[in-house]
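> I'd like to ask you about the structure that follows.
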Amino acid sequence: MALPRNVIPMPRSRFLRVKCIDCGNEQIVFSHPATRVRCNVCGATLVEPTGGKGIIRAKILEVLE
């Protein structure tokens, strides 16, 4: 017997493909980071931790499954 989907909780965190506003670099980041995520090219802050969902300071291009 199959269990209904709502019985098994799904994670609310996702990986995101974001684009840096300063240099245009595309990078994959986690939606609930524990540390500040910086751009690999210019060093600008892309995501800041808040203890839960991070503050995203870049343009979200895609939500990855």
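Each residue, glycine too, has its Cβ placed from N, Cα and C.
Here's the feature list from Swiss-Prot:
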BINDING   Cys20, Cys23, Cys39, Cys42  Zn(2+) binding site
ZN_FING   20-42  zinc finger
> Give the nonlocal contacts of the zinc finger (20-42) in its own chain as ranges (CB under 8 Å, at least six residues past its ends).
13-14, 48-49, 52-54, 56-59, 61, 64
> How many neighbouring Cβ atoms, not counting its own, are there within 10 Å of the Cβ of Cys42 (Zn(2+) binding site)?
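I get 12 for this one.
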> Including all protein chains shown, what's the count of other C-beta atoms within 10 A of the C-beta of Cys39 (Zn(2+) binding site)?
22
> Grab the pLDDT values for the zinc finger (20-42) and give me their mean, rounded.
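Across the residues of the zinc finger (20-42) the model's pLDDT averages 97 on the 0 to 100 scale.
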> What does the DSSP secondary structure composition of the zinc finger (20-42) look like, as residue counts for helix, strand and coil?
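Computed counts for the zinc finger (20-42) are 0 helix, 7 strand, 16 coil.
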> For each of Cys20, Cys23, count the other CB atoms within 10 A of its CB; which of these binding-site residues has the top count?
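Answer by Cβ density within 10 Å: Cys20.
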